[in-house]
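K.L.:
Structure below; questions to follow.
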Amino acid sequence: MLLVNLAIFIAFLLLLAQLYRKTEKLGQTVFIGLLLGLLFGAVLQSAFEKPLLDKTLDWINVVSNGYVRLLQMIVMPLVFVSILSAIARINQTRSLGKVSVGVLSTLLITTAISAAIGIAMVHLFDVSAAGLIVGDRELAAQGKVLDKAGQVSNLTVPAMLVSFIPKNPFADLTGANPTSIISVVIFSALLGVAALSLGKEDQALGERIAQGVETLNKLVMRLVRFVIRLTPYGVFALMIKMAATSKWADIVNLGNFIVASYAAIALMFVVHGILLFFVKVNPVDYYKKVLPTLSFAFTSRSSAATIPLNIETQTAKLGNNNVIANFAATFGATIGQNGCGGIYPAMLAVMVAPMVGIDPFSFSYILTLIFVVAISSFGIAGVGGGATFAAIVVLSTLGLPLELIGLLISIEPIIDMGRTALNVNGAMVAGTITDRLLNK
């Protein structure tokens, strides 16, 4: 049966390839791949025992994990070359300050809004930490959470800011540190400023540098486009894995929390659309253009791996400035994450508060929580780890117990898909808003 399963998988891949060749519509093919993957994965889980299912997924993961690794491969070269190239072409370095402020302020404001929405959804759906099942998996997860809490306890804002400054740019280009992406952004920006300075002193030298950087940029972008064409197949394989490994009993047991989480995520997508409308961007057209990128973010559960798609979508489809697109995509992958850094920790903080005698819906607690969530979403870039670290930072800051994080481990992948898509959309929205405001 293994060979039959793989034959069907390959047949679906060929079908997607034929469809893409005929239509040349990447977004449409990605969406079809997502639906086919969901269907095929559900059939695999219901029809086969775990040993055969695991063997089938091992081969399917060659496509899914291979695609994710290809995207991870091009993240650092893309960020480095794109920002260096874009800055080398601009005339005023002070524009960098405006771009940084615009992107970061939009990310933090939308994170605060997402926290408020998360709080409201807990109240609306009456979600509580009481009665959650504690099994062996949950106990093991709680132990890991407490271990990670030790990494957060010594993290201060000054230490976090210092960690952004590149110490060894070559090590950062390998992604060796949690802050490597931001460090590469800073290094490439400084190198771009140095190129501008040389160009002012020696115009001929400046032109040669600009031509060399532009050639390198075109080479990297051609590689990016090669990888992006593989998106339908990567999304298809990733969706199979998700559907085939989801535990439906856990989904039923924690259904209320899942529904509340996705209601908050959906509402935040609406808020993003409203914000875009205010800067004269049609939300419907916007979401049509970004759907392939959101589909990949949803299935891969990786904001960092989505950076190449994010930048390509912003520049090629949304018309955003290259510098703004790079800053928004890279900062948005680590700072001001609307889903992992906003909605999720806010919901947990409200659910846990009654256990220690705090009224989670008092005005003072809500204001404090939103402020802590917004600031903490900036700080988690210093440690990495997404939603888990964000929740640890927020709960620790408020003096709340951390055990709830481990109790939700069984549904973490299901919720994380929606959170990651929202993170990526928040980054693209920040880039689009900043671009429209600075280029009026």
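Just so you know, glycine gets a Cβ as well, placed from its N, Cα and C.
Swiss-Prot lists 1-21, 29-49, 70-90, 101-121, 179-199, 226-246, 258-278, 343-363, 366-386, 389-409 with the feature transmembrane segment.
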K.L.:
With pairs fewer than 6 apart in sequence excluded, do the transmembrane segment (101-121) and the transmembrane segment (343-363) have three or more C-beta pairs that lie under 8 Å?
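P.N.:
When sequence-distant Cβ pairs are counted, the transmembrane segment (101-121) touches the transmembrane segment (343-363), since at least 3 lie under 8 Å.
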K.L.:
If I count Cβ-Cβ pairs under 8 A between the transmembrane segment (70-90) and each of 29-49, 101-121, 179-199, 226-246, 389-409, which range comes out on top?
P.N.:
179-199
K.L.:
List, by number or range, the same-chain residues at least 6 past the transmembrane segment (179-199) whose CB is under 8 A from its CB atoms?
P.N.:
75-76, 79-81, 83-88, 90, 93, 96, 163-167, 169, 171-173, 205-207, 209-210, 213, 304, 307, 326-327, 330-331, 333-335, 381-382, 384
K.L.:
Under an 8 Å Cβ to Cβ limit, what residues of the same chain, 6 or more beyond the ends of the transmembrane segment (101-121), are close to it?
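P.N.:
For the transmembrane segment (101-121), the far contacts come to 127, 260-261, 263-264, 267-268, 271-272, 275, 324, 327-328, 331-332, 335-339, 341-347, 350, 360-361, 366, 369-371, 373-374, 377-378, 422, 426-427, 429-431, 433-434, 437-438.
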K.L.:
Go through the chain and flag residues at least 6 beyond the ends of the transmembrane segment (1-21) whose CB is under 8 A from any CB in it; none is fine as an answer.
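P.N.:
Those are 29, 32-33, 36, 40, 44, 48, 52, 55-56, 59-60, 63, 229, 232-233, 236-237, 240, in sequence order.
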